[in-house]
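Undergrad: Dumping the structure here so I can ask a few things about it.
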Amino acid sequence: MGRLTEAAAAGGGASAARSAGPPPAPLPLSSTSPGCAAAMASSEEDGTNGGASEASDEREAVGKRRRLGLLATIWLTFYNIAMTAGWLVLAIAMVRFYMEKGTHKGLYKSIQKTLKFFQTFALLEIVHCLIGIVPTSVLVAGVQVSSRIFMVWLVTHSIKPIQNEESVVLFLVAWTVTEITRYSFYTFSLLDHLPYFIKWARYNFFIILYPVGVAGELLTIYAALPYVKKTGMFSIRLPNKYNVSFDYYYFLLITMASYIPLFPQLYFHMLRQRRKVLHGEVIVEKDD
């Protein structure tokens with residue numbers, strides 16, 4: 001038997017109500033655990049809270065927004081404007097650095113403080129879910145946000161020899177364009193004035209940005225493996241008084257392997273969401 005899934009409306013729907021909330025997606029997204037950007041993108045890039053809630057039309061989105069209350073809407077609007085501005089600052093800083101230096105080497109070091117601040121600031125998205133001003137599940141939000149923080153703090157920040165890798169530039173560019181698009185989409189949706197270009201960008205840019213971001217993250221983690229194996233960083237060896245062991249090297253390998261099943265599944269899910277939002281298609285999904 002098939003299951004009919006009605007198309008989401010073009011007005012932003014659940015994404016607008018979720019506004020300050022995560023991720024997916026992505027993943028993507030993005031940088032998720034266990035698959036870094038993969039799990040994140042599932043709700044961030046497709047704008048559907050990982051499929052948890054989809055609006056059937058713009059009136060439903062407006063109704064949800066009213067239920068948030070005036071103060072919550074004001075705060076979410078401010079939050080999304082701030083995050084849009086923050087990622088715009090990062091974009092400008094990256095362009096200026098490359099124009100002045102003519103190389104990517106040293107780029108991460110030059111923008112790391114701003115990157116860490118705004119990516120860590122996204123922890124508020126978990127709080128938004130906890131207090132109920134966005135409809136995303138706390139678990140989904142937690143995975144999405146913590147995965148990005150994992151990539152920033154526990155990989156790129158902690159393993160300095162990899163900071164000049166070209167792969168770092170790949171995921172930084174993908175993240176930056178994605179977040180500018182995502183947060184501006186949420187902002188305009190909350191203001192009930194969503195330009196078509198922003199909606200179009202939201203549901204088209206991921207086609208390139210998601211694979212680029214995932215590739216950048218995978219290559220960065222891969223580049224970190226020799227250093228992690230040599231130094232044993234973040235690993236816990238036996239014997240110890242807690243009788244517990246942990247090998248960060250193998251943890252990173254498992255993280256990389258998790259992309260194999262997650263990436264295709266989530267990417268095609270996002271493509272289906274794109275067809276629903278931009279073309280109003282009714283998708284028939286077969287139940288096995």
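Using N, Cα and C of the backbone, Cβ positions are placed for all residues, glycine too.
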Undergrad: Tell me if the membrane topology in Swiss-Prot places PRO161 and ILE74 on the same side.
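TA: Opposite sides, per Swiss-Prot.
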Undergrad: So how many other Cβ atoms are close to GLU217 (active site), meaning within 10 Å of its Cβ?
TA: 35
Undergrad: Quick one: find which recorded stretch in 142-159, 166-180, 204-221, 252-269 has the most Cβ pairs under 8 Å with the transmembrane segment (76-95).
TA: 166-180
Undergrad: State, in range form, which of 142-159, 204-221, 252-269 has the highest count of Cβ pairs under 8 Å to the transmembrane segment (166-180).
TA: 204-221
Undergrad: Quick one: Cα separation, GLU217 (active site) versus TYR210 (active site), in Å?
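TA: Cα of GLU217 (active site) to Cα of TYR210 (active site) measures 11 Å after rounding.
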